[in-house]
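Colleague: Got these off TrEMBL a minute ago, pasting:
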- 1-27: region 'Disordered' (REGION)
- 67-88: region 'Disordered' (REGION)
- 239-261: region 'Disordered' (REGION)
- 39-59: transmembrane segment (TRANSMEM)
- 98-122: transmembrane segment (TRANSMEM)
- 181-200: transmembrane segment (TRANSMEM)
- 212-230: transmembrane segment (TRANSMEM)
- 281-298: transmembrane segment (TRANSMEM)
- 344-361: transmembrane segment (TRANSMEM)
- 367-390: transmembrane segment (TRANSMEM)
Amino acid sequence: MGSSAGSWRRLEDSEREETDSEPQAPRLDSRGVLWKNAVGFWILGLCNNFSYVVMLSAAHDILKQEQASGNQSHVEPGPTPTPHNSSSRFDCNSISTAAVLLADILPTLVIKLLAPLGLHLLPYSPRVLVSGVCSAGSFVLVAFSQSVGLSLCGVVLASISSGLGEVTFLSLTAFYPSAVISWWSSGTGGAGLLGSLSYLGLTQAGLSPQHTLLSMLGIPVLLLASYFLLLTSPEPLDPGGENEAETAARQPLIGTETPESKPGASWDLSLQERWTVFKGLLRYIIPLVLVYFAEYFINQGLFELLFFRNTSLSHAQQYRWYQMLYQAGVFASRSSLQCCRIRFTWVLALLQCLNLALLLADVCLSFLPSIYLIFIIILYEGLLGGAAYVNTFHNIALETSDKHREFAMEAACISDTLGISLSGVLALPLHDFLCHLP
């Protein structure tokens, strides 16, 4: 992992501060606990976002089912596209891939809007179980679906899994050393890269989309195993002694006291305190909303329209390559916190909006001569998006008090989802407009 060395230094620093007065043997034990939590959060980030990413990578194939015959149980690899409008210069599906984006994000938006109001009252373990079950259900439902409508229901399950998991695990980071945020973010970036690359690679190798999705059912199992078997319970917020804290940290989460029952957790904040904290977060929330609005407007509104006919890649293959390169950029930048930290995230928002303007202009005017230029721009787009995400949550973790941190993480989760939702709503009419142009 690109950030493993830096994250290890952060973990060592945290461990050293807590155990300066301890003998050497306990410090070694604590080091092992810190490593387990770091790896645990990386795997949780990977598994949590995996189904969400795969559904977006499969969006073009999911929508091609509308053109499949009624007795076809899955979409055949190597699509033979039929233009939505034969007089248009674009090779369009009759429905924009933004429809898949909305199905993949609106349930997450609802979850994140409600989370700061009461989700913290539910224990963590049942939330993780629901997330894992929904993730597995999404793969099965989309794989065996014979209609776009049923496939979109499967996408909704992936959205519920991802949204509930993100709120849960980001809140959970409030009870661990702040270094785990870097590992979580890197894991979510890894989900983007591995999810899109695995879908691209398996379908390019000749595996049908149906069997590709079914091959990914091990991911929800890995998520549950990481939470229940690998991740250790957090140290108490106000530990009675170092030995007790270390003992608690070495116990599995199953059957232990959950973080929400600790003093200082977000359940005891008044509405006035929540509103005050939220207002303070706006300087980070607004830029992240803009970053994700711009990049997902590109991804789900323009990717399908950035079609080059003079290449050996089919339309569906071009779309999968776009998704994979974007996710590669996200993974690299989400893993770069120890190398590059950005306090003024509004700069990233401005640069991402310029990306949107450039690619929208190219869709309308077709002035970029090569698909390889598009590849470079999309990789850069992913770098900006990943950097905005990891630096936003890192800055929030550093600038909020222990008492407010769990709530702040839950509230800030709305940023990316709100931006993505707005982009999906606007991308649908844009798709219809452009596909009817001669």
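Residue positions begin at 1 at the first shown residue.
Placement of Cβ uses the backbone N, Cα and C atoms for every residue, glycine included.
Remember, it's a predicted structure, so these values are computed and weren't measured experimentally.
Give me the local environment of each listed feature.
Modeller: The list of residues near the transmembrane segment (39-59) in space but at least 6 beyond its ends in sequence, with Cβ under 8 angstroms from a Cβ of it, reads 1, 97, 100-101, 104, 131, 135, 138-139, 142, 154-155, 158-159, 161-162, 165-166, 169, 173, 176, 180, 183-192, 194-196, 198-200, 209, 212-213, 216, 219-220, 222-223, 226-227, 230-232, 299-300, 319-320, 323-324, 327.
Within the same chain, residues 1-3, 6-7, 10, 38-39, 41-54, 56-58, 166, 169-170, 173, 212, 216, 320-321, 323-324, 326-328, 330-335, 337-338, 382, 386, 389-390, 393-394, 397 sit at least 6 positions outside the transmembrane segment (181-200) and bring their C-beta atoms closer than 8 Å to a C-beta of that stretch.
With a threshold of 8 Å between CB atoms, the same-chain residues lying at least 6 positions outside the transmembrane segment (281-298) that come near it are 101, 326, 345-346, 348-349, 352-353, 355-356, 359, 378, 381-382, 384-385, 388-389, 392, 395-396, 408, 411-412, 414-420, 422-424, 426-427.
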Colleague: Counting only residues 6+ away from its ends, which parts of the chain sit with a Cβ under 8 Å from the transmembrane segment (98-122)?
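Modeller: 52, 55-56, 58-59, 62-63, 152, 155-156, 158-160, 162-164, 166-167, 171, 260, 265-267, 274, 278, 296, 299-301, 406-407, 410-411, 413-414, 417-418, 420-421, 423-425, 427-428, 431.
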Colleague: Go through the chain and flag residues at least 6 beyond the ends of the transmembrane segment (367-390) whose CB is under 8 A from any CB in it; none is fine as an answer.
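Modeller: Long-range Cβ neighbours of the transmembrane segment (367-390): 181-182, 185-186, 188-189, 192, 287-288, 291-292, 295, 298, 306, 308, 311, 313, 318, 321-322, 325-334, 336-337, 340, 342, 345, 348-349, 351-352, 355, 358-359, 361, 416.
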